[in-house]
Structures are given as C-alpha cells and as structure tokens.
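The active site, proton acceptor feature in Swiss-Prot is assigned to Glu70; the stated evidence is sequence analysis. The ATP binding site annotation in Swiss-Prot covers 6-13, Thr99, 121-125, Tyr137, Ser225.
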Amino acid sequence: MKVGIDAGGTLIKIVQEQDNQRTFKTELTKNIDQVVEWLNQQQIEKLCLTGGNAGVIAENINIPAQIFVEFDAASQGLGILLKEQGHDLADYIFANVGTGTSLHYFDGQSQRRVGGIGTGGGMIQGLGYLLSQITDYKQLTDMAQHGDRNTIDLKVRHIYKDTEPPIPGDLTAANFGHVLHHLDADFTPSNKLAAVIGVVGEVVTTMAITVAREFKTENIVYIGSSFHNNALLRKVVEDYTVLRGCKPYYVENGAFSGAIGALYLGK
C-alpha cells in the first residue's frame, strides 16, 4: 500500500493507493497522534507527506517518509485530478480554500504562488461559532445551507431601487450592510451562517478573479477542504465567478490534491 498525507492546520487528508484504486479519508489535526499510531500499524511500501504538520508525523513514525512542499504537491495532485475528470486547461488560477486560502497560477508547466488571504474555512468555523455557538463543522454548514442573506447583505439592487445600476444588481455592495435596515427582522442562526459563508466565498472569488486578470486567464479552479459538506460555498463561488466574467471549475476530491500530489512526486 502507498500512502500520501497532507497534514494541514485543521484537517489531515489521507490518500491510500493499492491495486490502482484510491481511498480517501480525513482526520482532525488535533488527533494527529491517532494518525501516527495508525501509520505505525500498517504495511506501507511508500509514504509521502506534505503540509504544515508533515514534520510532526515524520518524527513519530517508524517507517521512512518523503516530505514535499505543499504548493508543489497541491499543483501536482490537482493536475492529475483535472486530467482524470476531463478538464483540459492550458493555464489557470487555482484557489486552495483550506483554513485560509492560497492562490496559485499554473502556466501549463509549473505553478507559482501569487497570493493568499486569511479568509477560508477557519473564518467559517471561528466567526460561525461566535454567531451561533456551534463548534461542529458539519452541523454549522448543514444549518447554513438554507439560510437567507437578503436581510443581512446589502446588494447593489438594494441601493439602485428605481434605476438601472451601472454594475450587476446581484453583486454584494456590503456584506452585513443590510442589517441596520432590518432591525426588526429575525436574524436566525441559519441566516447568519449563510452570510458568513457568503462573505468567505465572495472574498475568495474576488481575489481569485483579480489574479486571474493579472495573469490573463479566465480559468479558476477551486479546491480545498472548506467545500466539504458545503454546497452553499460552492454555489456562492461558482455564481460569483461567472457573474464577474470568469470560468469556475470544481474538482471532485480536490481537497486531497496535496496528498495525491505528494504521492506522485515521491520516488
């Protein structure tokens, strides 16, 4: 069995490959000792690691491991997944939305990191907790899926009520900017959490589009663990990308790009 692991700040993504078949699983980074214990009990012919906590795993296992830079691993793994899923892109920006968000440009040959922001899954969990007292990510994202942002976010169309706006009316003018106009509204946890996911998706998308225009590509690929159990985030990102004139791509198992890439970079 061959194993690739991306040990991130919040989640550890694990890919096992045997007989040309892959299996995927995740574990919370706070349970890294359990991952180490599991690895020490397996018969592994190749182990490849990436991510900020790769060194912690390597220091505590009884088998040799190779460690790779997470940006290179993510790019390698993403390229494999894009090809397997039928996406033939000459170049693209990819946004890796994990705890935070890292932005990269792939020119057809290699990747380069072109930016990063602190907005991502960490903000969804942290700000989401402050607004709802929910700590479980699945419960939080489940609750957000049917939330209504209309009384919370101020849209361009809310400002240009009786005239044609100079930009699309569905663009957000101010996240959370509609709240003071609806003080008698029922701001349910579901609505508040939907607004949090909205601001994360729109900020990530805006940054991705900005660098896409800088590098003259219309293709933006979104990956990362923040999309897990979060159809709303995916919809916000895809809709906003199209609204701003670019082409969004979502890759199945994209959160495991780093783990897959590390495995294929390994000798």
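Here the Cβ of each residue, glycine as well, is placed from N, Cα and C on the backbone.
Secondary structure at Ile12 (ATP binding site), taken from DSSP and collapsed to helix, strand or coil, is strand. Under the three-state DSSP scheme, Gly122 (ATP binding site) falls in the helix class. Spacing of Thr99 (ATP binding site) relative to Glu70 (active site, proton acceptor) is 14 Å (Cα to Cα, whole number). Listed in sequence order, Thr29, Gly51, Gly52, Asn53, Gly98, Thr99, Ser225, Gly258 are the same-chain residues six or more apart from Gly8 (ATP binding site) with CB atoms under 8 A from its CB.
Ranked by how many other Cβ atoms sit within 10 Å of their Cβ, the binding-site residues Thr10, Thr99 place Thr10 at the bottom.
In the three-state DSSP assignment, the secondary structure recorded for Asp6 (ATP binding site) is strand. Annotation: no binding-site residues among Thr10, Ile12, Gly122, Ile124, Tyr137 have CA atoms within 10 angstroms of the CA of Glu70 (active site, proton acceptor).
Contacts of Gly122 (ATP binding site) defined by a Cβ separation under 8 A and a same-chain sequence distance of 6+ are given as Gly9, Thr10, Thr99, Gly100, in order along the sequence.
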